[in-house]
Every structure is written in structure tokens, then in C-alpha cells.
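Only one structure is covered here, and it is reproduced in the block below.
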């Protein structure tokens, strides 16, 4: 079950799997010399399982629950070691938003103010409909801003990686913090420019 990684925890077993395992052990004790015909054996196990009461199955259900706890615990211990490189660094540059996300950030407060008590799901639905109804030209300012932020993000990542190698995490954290402030200032300036453009359109 742990193909390619011997340290990976053994998969969790179902109640039926424990039942089959028990049947196999019983068969070995009673007929140690007789090899198991798996096709026939599986069929018999399946038929027997179907005729068992919930009370009879309870023992195997408990075994499956205990094995699930074991599996979850082992996977929790195994996960960080395997995915350690993928662990999020709080000092890393923040991933840039998409054009749609920028549009949502602008119009979400407006929808909430005009529709008091509206659910989060309905807000998302309305935003999706509004975005889909925009022409490519109307989407352009948001997509352009997203492209700029993406470009900046890629530069920040390159700086962050090089800083992390030479100056350590502390230097990277300082750099990331400074970049974040600059990015927020830039966003505010662009927001003001867009609002001015909107006013001109009106």
C-alpha cells in the first residue's frame, strides 16, 4: 500500500476488511495445509457478511474505528515530514489576487450595503453574475491591475528566495514586510486612479 515510500502509513481498513482478515486466520487455524482459493473464499465471506446482524458486525466496526484513529494519527505525523518543503512560510510574498478577486473586493461592500442580511453565498453568486455580464473592455482594468500585481509578486518571490539563501529568514521577513507596505501604497494609488476614471465615465 505504501508504494514508493516505505514510511507512508498503512491504509485504514474497513469493518468488512477486518472480517475477511479474521475469516482467513480462522481458515488457517482449521486447515493449515489447505491453500486458500481467494475467489471462492471472498464469495463465501461476502455471503456470510450479508447475513450477519448489526450486533455481530459491531466488533468489526469498532476495529475499523480504532484503525481509522491509528491511520489519522500516523498520517498527521507523516504529513509534515513529507510536505515540509510545501509548508507555508509566513514571511513569503503574498500570492496576488486575480482580476475577478479585485472586482469582488470593490463591489462586495456595495452589495452588502444595498442588501442588508444577504448571505455570503448569495453575495458570491451576485458577484459572479455581475462579472460574467461585464464586457472584456470593462474587465480590462481589473485584469491589468492583476497582471501588474502578478509581475510584482514574481519579482518579490525572486528577491525573497535570494535573500532567504544569503541573509536568512530575518532578512527575508524585513524585505517581505517592506514590499507589502509598498504594494499596499501602490494599490491605494491605483484605486484612486480607477475611481477618477469611473467619475469621468459618469
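Cβ coordinates are placed from backbone N, Cα and C, and glycine is handled just like the others.
Residues annotated as DNA-binding region in Swiss-Prot, with sequence analysis given as evidence: 9-79, 93-161. The cysteine sulfonic acid (-SO3H) feature in Swiss-Prot is assigned to 23, 45, 104. Among the features that Swiss-Prot reports, disulfide bond is placed at 23-45. For 71-98, 161-202, the entry in Swiss-Prot reads region 'Disordered'. Taken from Swiss-Prot, the feature compositional bias 'Acidic residues' covers 183-202.
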Nearest-integer angstrom distance between the alpha carbons (Cα) of residue 45 (disulfide bond) and residue 23 (cysteine sulfonic acid (-SO3H)): 7
Surrounding CB atoms that lie within 10 Å of the CB of residue 45 (disulfide bond), all protein chains: 18
Coarse DSSP state, helix versus strand versus coil, of residue 104 (cysteine sulfonic acid (-SO3H)): helix
Averaged pLDDT score, the DNA-binding region (93-161): 87
Local Cβ density at residue 104 (cysteine sulfonic acid (-SO3H)) - other Cβ atoms counted within 10 Å: 19
Residues near residue 23 (cysteine sulfonic acid (-SO3H)) in space but at least six apart in sequence (CB under 8 A): 41, 44, 45, 48
